[in-house]
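Participant: Shown below is the structure under consideration.
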Amino acid sequence: MSTMPNTSRVDSTSQNVTVNQQCLNFVAATMMNGSGKFLALISAYVLSRVVHHLLRPLSQPYITSDLLIGLILATLPPVRDAFANQFTLTLDNIVDFGMICYMFVLGLEMDPYVIFKSPTRHAMVAYAGTLTTLIIATAITPWLHYSRHTNIVTFTISLSIHLSGSGSHILTRLITNLKIGKSDIGKLGIGAGVHSDMITMFFLSIGYIFVPTGDFASAQEGMKGAIKVGSALVIQTIVAAKISPIFMNWVNNENPEGKPLKGSHLVLSMAFMAVICTCAPWYGYNSFMSAFMAGLFLPSEGRISKWAINKINYLLSTLFYPLFFFWVGLKVDILSFRAGHIDTWGRFFSLVFITTVGKVAGTVICGLLLGYHWPELVALGLLLTAKGHFHIYFAIYGLRKEIIDMTTCISMVIVVFLTIVHTPFLVKHIIERARQRVPIHRMALQWLDPSSELRILLCVHGPHNLPSTINLMEISRGTPEPGLLVYVTDMIELTEQLAATLVQGEGVDSMTITDKSVTEMRDQIGHAFQAYIDDNGGGITLSRMLALSTFSGMAQDLSVLAEDLMVSLILLPFHKRLNADGTLDGGHPGFRYVNRKLLRNAPCSIGILVDRGFGSIEKISRSSLTNVAIIFIGGKDDREALSYAGRVARHPGVKLTVIRFLVDKTSENAPRRVNHRASVAEQEEEMKLDDECFAEFYERYVAGGKVAYMEKHLANSSETYTNLRSLGGQYSLIIVGRGGRVNTVLTLGLNDWQQCPELGPVGDVLSGSGFACQTSILIIQQHSIKGQLDGLSDEFSIM
């Protein structure tokens, strides 16, 4: 009797040990299984980035590598076996939520009200390509039996609209990354793609109302369900279009630009958007279409909307897309593709035919009626065949609902892949044709079309540059027609202290400066230029720019900015400032480095202003009289300076004098040493160009009495130096070319004692300490053209 309790206690203990062991085994198995899933997902992320890097020479987008890795990785038997049904259901829910976010931001980036405006060329091309594809698809797909388990009319319409659309998100990113977004064909492709995507998604959203989603006992009940769903969608649309702007404007006003978004307002805004997206699904409407319709009619302007677009797109591209394509690989089984059946290939090539021929035919027909060239229209039509993430999800959705079989689903996914993979090669073909038609783009004043406005990138270091730069802009204005377009650019060094005050804006590369000293300086510069424009700005268009960078990268930023703005001249301040006693200080080495680097790599002509009192004189106007001179010795830089002087000569408040230095070969002081680096034929060709350029200038300005003319016959560089020194105090500004002279007899040896080689031999003498401090110097260098350009202007036109 006494041993019975002990035995029971032992049995209980052994049972507890067994249960604990089973729990530990279960936890260990679960962890091991979970670690395998985690490893597969991480592999999908890493491998997609590695493959994208390998495909970078082919300019393939991320969707290509993501889809390849997703299909290949999920096909491996260990990976497919590791994902149980329960986890697959969780993955389904994650992907569905991600697609809701995708559809929401897709609609948010579109403007639905363009439908009610008169159609633009973008819209007409989009509608034509969509309509022809829709007609061809509607005529062909019913006979191919893609689906045998659903209403043939419903399926045909849905598939036809699906094939008629374009992946605007993918197409826009491709065209932008391949740098043809600013060209005429790039703008047309982006605009037509957005229109095509929007109109097809809108039709799918409206058509979903009339598709029975449940089992109705009668047609009357089905009609009641459609009315209920349609009413819910109408109410959601009205709230998004009419009521939400009131709330969004209030949030935007409470959170001005340059300040961090308030957390409470951000949470309220996200909750408000989520409520609008879920209104219609409460009554049976599709959640994806509801998110698209809500985003479509929500206001896309404003800080909150831009923030949502930026953040959601970032999360989608960083986290969701690799996971999405891995999920696609799990859903489709490549090994189940019935490649041995002839009807499989018939259906596959029919999809390719419908997608390609429909878009190209409609685009070409409409484009020819609009006056475009047919080779570019064919390329544009092929670009518009590109599909996106939703089109792949549409195929998987049909497979999940058992509307289509596995083979048809795989065929649709492959067709989407083929519509994307060819686009970079099309863009390269477009660029090659553009290079053949526009081989060289000369960004120099000498080659500027007289009927085109002059574009200048006018750079300033700070408020101390204001008087001189405003006077320089005034004498550069020329005639009111075609006018002058000036981009006033603040050159600000990005220090660690300043970087700590930057605030990330809504755009991907948008930053806002909150440093008080910088904002006050920029406001002072902006107010000064605006006051000048308000008082005497006829014919001048002013824009404000910012070059915020370290000195090592500022020259590159200015070059990119000048190229994007298509300017013909960059005007830079000298790195030395004028002291109160009339001398120049030691200068800023950082700005000197920027100037020297720009002189080597700028995509247009360069001018450096050495301010020695040009800003301290009375404000130049049409009623004042300012003496300006230009020294012409010869060479491409002097010809460029002469072209600039032609604009200065048109100013009624400027008295321009042209001083031409000619070689006196009969003088006994003429040196025997000449430039051996240039051949006689090259020297004669340069002298011929100099004579032609100067003769044209003389006939236009000097012969009519607008410009004074003076010749100086010199024998050597010593006489050149003496004559340059004698010009001090006679002129407020002297314009000279930096160099580029083949015959250097008159400047030979001047560069032996140069203090600032970036100014050239003549500019260095005139800006030296021995020259009169009342005279400012403008040194101009012409844009160097080295054969055929490797690149191409982003704004090329070939349509």
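Any Cβ shown, glycine's included, is placed from N, Cα and C.
Nobody curates TrEMBL annotations by hand; they come from automatic prediction.
This is the feature table in TrEMBL:
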{"type": "TRANSMEM", "residues": "26-47", "note": "transmembrane segment"}
{"type": "DOMAIN", "residues": "46-428", "note": "domain 'Cation/H+ exchanger transmembrane'"}
{"type": "TRANSMEM", "residues": "97-116", "note": "transmembrane segment"}
{"type": "TRANSMEM", "residues": "123-146", "note": "transmembrane segment"}
{"type": "TRANSMEM", "residues": "152-176", "note": "transmembrane segment"}
{"type": "TRANSMEM", "residues": "188-211", "note": "transmembrane segment"}
{"type": "TRANSMEM", "residues": "231-251", "note": "transmembrane segment"}
{"type": "TRANSMEM", "residues": "263-283", "note": "transmembrane segment"}
{"type": "TRANSMEM", "residues": "312-330", "note": "transmembrane segment"}
{"type": "TRANSMEM", "residues": "351-372", "note": "transmembrane segment"}
{"type": "TRANSMEM", "residues": "378-397", "note": "transmembrane segment"}
{"type": "TRANSMEM", "residues": "409-427", "note": "transmembrane segment"}
{"type": "DOMAIN", "residues": "484-621", "note": "domain 'Cation/H(+) antiporter central'"}
{"type": "DOMAIN", "residues": "627-784", "note": "domain 'Cation/H(+) antiporter C-terminal'"}
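Mind mapping these onto the model and telling me what they sit next to?
Facilitator: Under 8 Å from some Cβ of the transmembrane segment (123-146) lie the Cβ atoms of residues 114, 152, 155-157, 159-161, 163-166, 188, 191-196, 199-200, 346-347, 350, 353-355, 357-363, 365-367, 370, 380-381, 384, 404, 408, all in the same chain and six or more residues away from its ends.
Under 8 Å from some Cβ of the transmembrane segment (188-211) lie the Cβ atoms of residues 106-107, 110, 112, 114-115, 120-123, 125-127, 129-130, 154, 157-158, 161-162, 164-169, 171-172, 175-176, 181, 226, 229-230, 233, 285-286, 289, 292-293, 296, 363, 380, 383-384, 386, 388, 390, 799, all in the same chain and six or more residues away from its ends.
Non-local neighbours of the transmembrane segment (263-283) in the same chain are 100, 104, 228-229, 231-233, 235-236, 239-240, 244, 247-248, 251, 254-255, 290-291, 293-295, 298, 304, 307-308; each lies 6+ residues outside the stretch with a CB under 8 Å from one of its CB atoms.
Same-chain neighbours of the transmembrane segment (312-330): 40-41, 44-45, 48, 62-63, 66-67, 69-75, 80, 83, 88, 91-92, 94-95, 98-99, 101-102, 104-105, 389, 392-393, 396, 413, 508, counting only residues six or more beyond its ends whose CB sits under 8 Å from a CB of the stretch.
When Cβ-Cβ distances below 8 Å are used as the criterion, the transmembrane segment (351-372) is approached by residues 121, 124-125, 127-137, 140-141, 163-164, 166, 192, 378, 380-382, 384-385, 387, 411-412, 415, 418-419, 799 of the same chain, each at least six residues removed from its ends.
Within the same chain, residues 63, 67, 95, 99, 102-103, 106, 125-126, 129, 162, 165-171, 174-175, 185, 188-189, 192-193, 196-197, 201, 321, 324-325, 328, 331-332, 355-356, 359-364, 367, 404, 409, 412-413, 415-416, 419-420, 422-423, 426-427, 429-430 sit at least 6 positions outside the transmembrane segment (378-397) and bring their C-beta atoms closer than 8 Å to a C-beta of that stretch.
Averaged over the domain 'Cation/H(+) antiporter central' (484-621), the predicted model has a pLDDT of 82.
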Participant: Tally Cβ pairs under 8 Å between the transmembrane segment (409-427) and each listed stretch (97-116, 152-176, 231-251), then give the stretch with the top tally.
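Facilitator: That would be 152-176.
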Participant: How do the residues of the domain 'Cation/H(+) antiporter central' (484-621) split into helix, strand and coil according to DSSP?
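Facilitator: Within the domain 'Cation/H(+) antiporter central' (484-621) the tally stands at 53 helix, 39 strand, 46 coil.
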